[in-house]
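Novice: Here's the feature list from TrEMBL:
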- F:Arg88: active site (ACT_SITE)
- F:Glu91: active site (ACT_SITE)
- F:Ser114: active site (ACT_SITE)
- F:75-147: domain 'Cyanate lyase C-terminal' (DOMAIN)
Number of protein chains: 10
Amino acid sequence: MQRTEVTAIIVAAKLKKCLKWADIAKKIGLSKEWTTAALMGQMTLDKKQATTIGKLLGLPPEAVDALQIVPYKGSLPSAIPTDPLIYRFYELINVYGTSIKALIHEEFGDGIMSAIDFSMDIQRETDPKGDRVKIVLNGKFLPYKTY
Amino acid sequence: MQRTEVTAIIVAAKLKKCLKWADIAKKIGLSKEWTTAALMGQMTLDKKQATTIGKLLGLPPEAVDALQIVPYKGSLPSAIPTDPLIYRFYELINVYGTSIKALIHEEFGDGIMSAIDFSMDIQRETDPKGDRVKIVLNGKFLPYKTY
Amino acid sequence: MQRTEVTAIIVAAKLKKCLKWADIAKKIGLSKEWTTAALMGQMTLDKKQATTIGKLLGLPPEAVDALQIVPYKGSLPSAIPTDPLIYRFYELINVYGTSIKALIHEEFGDGIMSAIDFSMDIQRETDPKGDRVKIVLNGKFLPYKTY
Amino acid sequence: MQRTEVTAIIVAAKLKKCLKWADIAKKIGLSKEWTTAALMGQMTLDKKQATTIGKLLGLPPEAVDALQIVPYKGSLPSAIPTDPLIYRFYELINVYGTSIKALIHEEFGDGIMSAIDFSMDIQRETDPKGDRVKIVLNGKFLPYKTY
Amino acid sequence: MQRTEVTAIIVAAKLKKCLKWADIAKKIGLSKEWTTAALMGQMTLDKKQATTIGKLLGLPPEAVDALQIVPYKGSLPSAIPTDPLIYRFYELINVYGTSIKALIHEEFGDGIMSAIDFSMDIQRETDPKGDRVKIVLNGKFLPYKTY
Amino acid sequence: MQRTEVTAIIVAAKLKKCLKWADIAKKIGLSKEWTTAALMGQMTLDKKQATTIGKLLGLPPEAVDALQIVPYKGSLPSAIPTDPLIYRFYELINVYGTSIKALIHEEFGDGIMSAIDFSMDIQRETDPKGDRVKIVLNGKFLPYKTY
Amino acid sequence: MQRTEVTAIIVAAKLKKCLKWADIAKKIGLSKEWTTAALMGQMTLDKKQATTIGKLLGLPPEAVDALQIVPYKGSLPSAIPTDPLIYRFYELINVYGTSIKALIHEEFGDGIMSAIDFSMDIQRETDPKGDRVKIVLNGKFLPYKTY
Amino acid sequence: MQRTEVTAIIVAAKLKKCLKWADIAKKIGLSKEWTTAALMGQMTLDKKQATTIGKLLGLPPEAVDALQIVPYKGSLPSAIPTDPLIYRFYELINVYGTSIKALIHEEFGDGIMSAIDFSMDIQRETDPKGDRVKIVLNGKFLPYKTY
Amino acid sequence: MQRTEVTAIIVAAKLKKCLKWADIAKKIGLSKEWTTAALMGQMTLDKKQATTIGKLLGLPPEAVDALQIVPYKGSLPSAIPTDPLIYRFYELINVYGTSIKALIHEEFGDGIMSAIDFSMDIQRETDPKGDRVKIVLNGKFLPYKTY
Amino acid sequence: MQRTEVTAIIVAAKLKKCLKWADIAKKIGLSKEWTTAALMGQMTLDKKQATTIGKLLGLPPEAVDALQIVPYKGSLPSAIPTDPLIYRFYELINVYGTSIKALIHEEFGDGIMSAIDFSMDIQRETDPKGDRVKIVLNGKFLPYKTY
C-alpha cells in the first residue's frame, strides 16, 4: 500500500469521524504539527503510535504497517506550489530568503538552521483588525564543520 | 542604477563600516528584519529613511533615489534555491506544506496567511545542547471572499 | 473521493441537465464566477451550499462531503497554459505585468492587489464590430506592512 | 540601442522629472495603460508619439528611433513571476482559469478573448474597509473559424 | 468521458473502417484539416456534426456528447515535441521566428497573425526530385489596438 | 565578433538607411524570407553575398567575415516564446501538431517534412474583412529509411 | 491499444521465447537496429512485416494493427535521460556537439546529417584490453536550400 | 582568462589563417575529432601541445596556459539543443535510445559504452544520391561491477 | 510486469518477513549496497540470484524473470530530489562538486571516477557526540583517451 | 567584489605559482577538501586564514575581505551538471539514492546524514588494474525530532 493511499484513507476517516488534527495528536501525546505531518505521509510512526492511530481511525492493517516505514518525503505536486496558501510561504522565502540568511549568519556565523532537529508551532492570534496566523519555527543552529 | 547594484554597494559599505543590520535598522526606527529586506532590494524606503541610510553608509545620490522606487521583488537566483541555509526553508515547505495548510484551514476556514500584512522576527534561543534559531512568522489571516 | 473526480461528475451532470453555470449559481445565491470556481474545484462550499448543489445535480454523498473540504488549488495542468483562451491571459500578464505594477505602485505605493479579498465579473459587451468580453477584476489593495 | 536600455533611460528620466505615467500619456493623447506598456518596451510608438516623448523626457535620438521599432514582447524575467504583485495575477489565472474558460465558452461558444484587440483600465475604488484596485479587461471575442 | 478517450475511440474506429480523414471531413462538409483537429480533440462540433460523425464511426452517445464540449486545447505531451515530424515545425519557429516577425511587422505594422481566425491547407506537391509537403497557413492580421 | 552583434549592427544600419528586407534581398538575388533569416543570424552567406550586404549596409570587415561562418542556429530567447506574434505559431503546433502529423502520414507514410530542403513565402492577402497573412511552407517529404 | 502496451507485450513475448532481436529481424529481412526501433515503438511496419512478427511472437490482432500505425516518436521518459547507458550518448552530444558541427560544416558547408535518411550499425569489437562497442551512424547530408 | 574566451580567439585566428581543423590536428599528431573538441574547450592539452597550437594560431600566453587546465565540460547553451545539426543527434537518442540500450545489453550484459575511453571518427561517404556523413563511435564496454 | 511493481512486491515481502537488506544480501553472497540497488530496480540479477531471492521472498515467476532484465535505471521521481536524506547528497554535489573536480584532476589529470566500475560501502561510525554515517565511494579512475 | 571573481583570481594565482590545493591547505592547517571548497567560493574563512591565503596568493585586499563573508553557496551552473566528472556523482544519487535511503533508515531510523556536520576525504587507491578514486563521506546522523 502506497503512502499516498494511506494519507487518502486517513483524511477520509478523519472527516467521517469529525476529528480535529489536535484530537488525533493528543491520542499519541505529540503536537498537532508533527502528527499532521506524519499522517500527511512525511514522518514515521512507531508501532504503538501507528496502532493507536489505526484503531482511532479504523485503518486496515497494511495502512498501519505503512505508517511505520520511513516515507519518501515531499508533499507537493510541483516544484513551485500552485496553492495560494502554500505559495505565500514560497514567496516569503523568495522575498526574505537572502535577508534571513544575512541575519542568521551575522548572529551565528556560517551554518544553517536545521530542518530535522526542528519543531513548529501554529497558533491563532486574535486581533481586532482581523485575527492573525502566528507560526514559530524553531531549529537547532548547525555550524559548518571545518576539518 | 539597478537595484542589485545598490544592494552590492550597501553590502560593501556595511562591511567596511563594521555595522550590523540591527545598527542600521535602529537609525530608521524599524526592525532588523524589515530593514535588511529593504536593503537587500525587496522593500521600499520613504525619502527620509533613504536619506538617513544614504548618509550612514555614504551612498551616491542615485542609490538614495533607487531605494525609494518599488523594486521587482524576488531575491533568489533560481526557482529552487541552491544555498543550504535557504534551501532548508524550501524543504520545510515541501515537507510541511500540506500540514500547515490543513491546520490553518481547520482553524480559520478557507483563506491564506498574508505575506504582505506580515512581520517576521528572528532570534537566538540559547540551549545547552546547542543554540537554536527561532523565527516567528506573523501574518493576517485573509478569508476567501464569496460574492 | 478526489476533488478532480467531483469536478468531472459535476460537469457531466450539468451537461445532462442542460443547466448553465448562472442557473446553478442562483440556487446558492452567489455570482456565477465564484460558483463556477467552486465547482471547478477551487473554492469551498459550506454544508448548506453543498447540499443544495448536491440535490440539484444529483451528486453522491461523498461528492457533497468533498465540496466542503478546502481544496489544493490550481486548476491548470502545466505552468504555462497550452489552451489558447487561457494562454491569452498569461500573455497579458507577460506583456502588461510590469505596467500594471508601475501603475498600481504609482497610485497606491508598495503593496499588492489581493487575490483573496477579490471578486471577478465577466460580461458580454455588444459591439457592432464584434461583441467583446469584459472582465472586471476587483481586489483590495494590501500595503506592505513596515515593522 | 536595446529596448531594455531605452526603458531604463525612460524610467530614470521620469523619476528625475517627477512625472506620472498619466502625465506622459496625456502628451500623446492615449491612455496611461497603453502608454506605460509602450514605454516599458511592449508597444510601438509612431514617429510623432516617439518625438513627443523624446522631447518630454530628454531622450537621445537612438532611443527615439528604438521606440518606433516593434519590440520582442514579454516583460518578465521568468516564466512564473517572482514579484508578489505580478504573481497574484498569475495565481488568478491558475485558480480561475478553467472557470473563465467555462463561462466565456458558455456565453460565446468556442473561441478566445483577444489580447490584441484589447484595452485595459486600472482605477482606484475607494472603500471604507480599504481602497480597492479595479481593473477592467476588455477584449474582442474571436470565434474559432471553421473551414 | 474524457476527450482523450474519445480521440482514442475515434482513431481505432477510423482504422477498422479504413476511412481517410478526408472521407470523414466530406460527411460534415468541412476541410480535412479542421475535421482532423476536431476529432483529435482540439475543436468543437455542433450537434449535427457530432451526430453525423457518431453514426459514421459508431461512437457511444457519451462520445457524441463530449465532441460538443469546448476542449482544453493542446495536443502535445511535452513543451518541446519529441516526435521528429512535429519537432521540425518547432524548429522552423526557432530558426525563422524572428524573421517571420520582422517581415510581418514590416508589411503590416505591430500586431499578430491570428491563430483563431485561421485556416490551414496541406497538399502534396509532386516533384521529380522527391514529392514535397506544401502547407498554407492563412490567418487574419490583427493590429495592436491603441487606446 | 559574435553573430548576435552582427545582427544588431545590421538591424541598426537597415533602420538608418530606410531599407526594407525585400530591398536587401534583391541585391543578392534571393527571397526576402531566406535573406532575413540569414541576416537574423540563422543562415550562412557566401563570400560574394556577404560582401554585397557589407557594402550596402556599411558593415565592418569582421561582420562580413562572420556572415560566412555557419551560425549556431536558434533565434529565440526561451523554449516557449513570450512574443505574441511568434507564440501564435507555437500555439498552432500545439493545437494542430497531431493533426498535421496524421494528415502527412496518411498521404505520404512514415517520414517528415524537411526543415532543411525547405522554403517559405510570406504574403499579404487583401480581404475586405481585414487583410490576412498567408504563409506557404514548402518542404521535401523525407521517408524513414528501412535498412 | 496504445503503442506502449504493444511494446510491453513484445518485450515479454521475446523474453519467454528466448529470441534475440537479431533473430526477429531476420524474419522480416531487415537489420537488428531498425527492427528493434520498430518494436520499441519508434518505426512503422507494413502489413506483411507486422503479420510475420505477430505470428512469431503470438501477438493479439490489435497489436498487429497498432504496429502499422505511424507512432508518436520519442522513447525516453525525460528530456535528459537518467539511464547511464543512454545518458552517455547525451553526454557525447554535450561534449562533442559543437565539434561535430564544426567538422561537418567544414566538410560539407551549412546543412545537417539526416536523422531520417539514416542507418545505424552496432557491433562488438573484440579488444584484449576489454571489448568495445562500435556504432556507425550513417546519414545523408542535407544542405540548407537557398531560395 | 575564461575557456570560452580562448575558444573565441581560436575560432577567429583559425578563420583569419584559413586553417582547417585537420591542419591544426596534424601539428600535434592527433585526430581532427579530438583536436577540435580540445580547441572547442572540452579537452585538456599538455604543455607541448598547447605551445604548438599557441604558436600556430598566435595565441596570447594566458590562452596557452588556459588550454592546459581541465575545463568544466559541456559545450551547449541549453539542455535540448536548438541548432538543427546538433538537435538531430539528440533526436537519434530520443528515437533510438531504448533500442541501442536493448542491443548493447543483449550483446554485452548490464553496463555501458564508455564516453571517456572513447574515440570518434567523422568521414564523408560519397554517394550518387547525395553524399553521406559517416560517424563511427567507438567506446570500451564497461560492465557493472558486482560486489 | 514493470520493474517498479517488482520493487513494490519486494519491499512489502521484506517487511512482512522482517528481513534486513543485509540478510537478503548474504543469501546471494553480495554486499548489502549492491543487493539493495538491484532489488530497488537498478541492477540486474543472474538466474541463480533471482531464483534465490524469489524463493526467499516468495515472488511470483514473472517477478523472478523481471529481475534478470537490465532495467531502465534512475530511481528518483524528480530531477532535484525532494526527500531530505537524498537531497543532502545532491547538495553535497552542488557545494563540493567543483572542489571534487579540482582535486581529482590535480591528482589524476583529465578524466572521471567511474560510476560503473564502482562500489560503495555504508557504515555506522559510533561517536559520543552522536553516531555518524560513513559512506565510502570507490570508483576506477578513467582517463580521457586521446586519439 | 563578487565571490566568483575572487575564485577566478585565486585559480589564476595558484596556476601561476604552481601550488597544489594541498600546499595551500597546509598553510592554514586544514584539509585539502575543505580548503578547496572555501577557495571555490563555498566556505567562509576567518580573518587569520583569509590573510594567510591572501599573502600566499597575492590577493587584493577586497578579495581578502570577501573570503570572510558567508557566500551564497552552490557551485554548479545548472541543476543537472553537464561536466562528466561531476555528472557521475549525480548519476550515483539517481541510481543509488533510494538504496542509500533504505540502508541508512534501516540502520538509524528516520533522519538524515548531515551535509553540514560533515567531512570528506579524497584519496588515490593504487590498483594494478588501474588506480581508483576513493572518497569517504562522513556526516553526523541527525534523527527527525518528534515533538
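Here the Cβ of each residue, glycine as well, is placed from N, Cα and C on the backbone.
Remember, TrEMBL labels are computer predictions, not curated facts.
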Novice: According to DSSP, how is the domain 'Cyanate lyase C-terminal' (F:75-147) divided among helix, strand and coil residues?
Specialist: 25 helix, 27 strand, 21 coil
Novice: Could you give the Cα-Cα distance between F:Ser114 (active site) and F:Glu91 (active site), in whole Å?
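Specialist: Just about 20 Å between their Cα atoms.
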Novice: Can you work out the mean pLDDT of the predicted model over the domain 'Cyanate lyase C-terminal' (F:75-147)?
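Specialist: A mean pLDDT of 97 is what the predicted model shows over the domain 'Cyanate lyase C-terminal' (F:75-147).
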Novice: Can you check which residue among the active-site residues F:Arg88, F:Glu91, F:Ser114 has the largest number of Cβ atoms within 10 Å of its own?
Specialist: F:Arg88
Novice: Taking CB atoms only, which of the active-site residues F:Arg88, F:Glu91, F:Ser114 fall under 8 A from chain C?
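Specialist: Listed in sequence order, the active-site residues near chain C are F:Glu91.
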Novice: Which of these active-site residues, F:Arg88, F:Glu91, F:Ser114, are close to chain B by Cβ (under 8 Å)?
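Specialist: Qualifying residues, whose Cβ lies under 8 Å from chain B: none.
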Novice: Go through the active-site residues F:Arg88, F:Glu91, F:Ser114 one by one and keep only those whose Cβ is less than 8 Å from a Cβ of chain G; report them in sequence order, or 'none'.
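Specialist: So the ones by chain G are F:Ser114.
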